[in-house]
Amino acid sequence: MLDDTIAAISTPIGEGGIGIVRISGPDAVKVAKKFFLTKRKDWDQAGSHRLIYGHVFDREGNIVDEVLLSFMRAPRTYTREDVVEINCHGGIVPLRKVLELALANGARLAEPGEFSKRAFLNGRLDLAQAESVIDIIRSKTEAGLRVAVSQLRGDLSRKVEDLQGRLLGLLAQVEANIDFPEDDLEEATVEDILRSGEDLIEEIKEIVRRAEAGKIYREGISTVIIGRPNVGKSSLLNALLRENRAIVTDIPGTTRDIIEEYINIRGIPLKIIDTAGLRETGDAVERIGVEKAREAVEQADLVLLVLDAARGLTEEDYAIIEKVGGKKVIFIVNKADVREKKISSEGAARIAGGRPVLWISALEGTGLDKLEEKIVEMVMGGQVYPKDELIISNTRHRMAMERAADHLAEAVSGIRQNVPVDVVAIDLRAAWESLGEITGTTVTEDLIDRIFADFCIGK
């Protein structure tokens, strides 16, 4: 429904300097006027995009809050509808009270993502741009933010439009033969179509190849630190974070629960997980932590396996190495600053079995730069894409690109095998429609609802 007026709190719930209640729809001004008072009663006639000082009153005439009201006339708004944003003090009570007044005076509580959905349905944003809004909100590094802003700016949409335009050119050439079957396609024309089709396939596949990097920028890499108790796992976490987040003691088994933190490693977000030491234990609480650690290893994209240069290798170390299986693993020999090392370089290389081994001192911070380099190399082959490179970060977009490439490949193969041109045209249309799913020109209403349901209320 686009003919009603919606309202929601648009800022995170909690205590803060400012909180915003957003109202959008044909009656946004009418709703706000019922509980917002300022010296000028016809404030909505003073022009759009203005900030107005006043007070919010409840039905009994009591002041709820001292506020600044932003008034924006359609169509120059986020939703392309009339929008009123009430900037309150950022406490839970005043925000909820203002929202209650908006709902009591004719607005409906917005569904998750409904403001962005209206922006899409009203032509303010295409679907790819609308999805980038949530990516901007959730971005964890500058690289992730850069990818999301590029998408909001329309870089992906323009690329899709370009690919679709060239596909339509191919389709026009093929369909001309359907309309005039007596005019066989000349050999030169066939070669042009094949060459153009293959160029399009390679271009789309290159975008798909970069999508894995985009997914990493968007979602991060789940990285788990494991090892037996007291080898320096928590010290490593603190060293990477550059702060004391985890408890560090000489008592084995100090970490009994999972500690999760996001860190930025050269533009790559790592969800880094410090686990309980993996060992057999009679302590019921510690045993729960050990089981959680095992689950974290199973779900991890990257494992940092910590060994202790001061104490050497034990049966527990070998048992842990077996548990990581075929995971991406970096072996880290900690406490490399001790004089008498009980692990040799040859011994560490032997148990790593060809996997990377790094020597560090989490206490002194030595070796961390090389560790960061190795993480980037393991995760992205050492490649951090240039700022002007188009990268897609959304799995839905990648799958649509893959379908488009597959349909195009079918069309090219069909031309080579002299398949009837109407069948080739079907594949070309399917490729065009697959690309249209990215920007929303060829999606179903059900899919649109599912996409925006993932947004937060107020956005």
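From the backbone N, Cα and C atoms, a Cβ is placed for every residue, glycine too.
According to DSSP, ARG22 ((6S)-5-formyl-5,6,7,8-tetrahydrofolate binding site) is assigned to a strand segment. Residues or ranges marked as (6S)-5-formyl-5,6,7,8-tetrahydrofolate binding site by Swiss-Prot on the basis of sequence analysis: ARG22, GLU85, ARG124, LYS459.
If you look up Swiss-Prot, you'll see ASN230, THR249, ILE251, THR254 marked as K(+) binding site. In three-state terms derived from DSSP, ASN230 (K(+) binding site) belongs to neither a helical nor a strand segment and is classed as coil.
For LYS335 (GTP binding site), other Cβ atoms within 10 Å of its Cβ number 23. Annotation note: LYS335 (GTP binding site) sits in a coil segment as assigned by DSSP. The GTP binding site annotation in Swiss-Prot covers 230-235, 249-255, 274-277, 334-337.
SER234 (Mg(2+) binding site) has a Cβ environment of 24 other Cβ atoms inside 10 Å. For SER234, THR255, the entry in Swiss-Prot reads Mg(2+) binding site, with the evidence type sequence analysis.
Under the heading domain 'TrmE-type G', Swiss-Prot lists 220-380.
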In three-state DSSP terms, the structure that GLU85 ((6S)-5-formyl-5,6,7,8-tetrahydrofolate binding site) belongs to: strand
Inter-residue C-alpha distance, LYS335 (GTP binding site) and GLU85 ((6S)-5-formyl-5,6,7,8-tetrahydrofolate binding site) (nearest angstrom): 56
Inter-residue C-alpha distance, ARG124 ((6S)-5-formyl-5,6,7,8-tetrahydrofolate binding site) and ASN230 (K(+) binding site) (nearest angstrom): 56
By Cα-Cα distance, the member of binding-site residues ARG22, GLU85, LYS459 nearest SER234 (Mg(2+) binding site): LYS459
Which of ARG22, LYS459, all binding-site residues, has a Cβ with the fewest other Cβ atoms inside 10 Å: LYS459
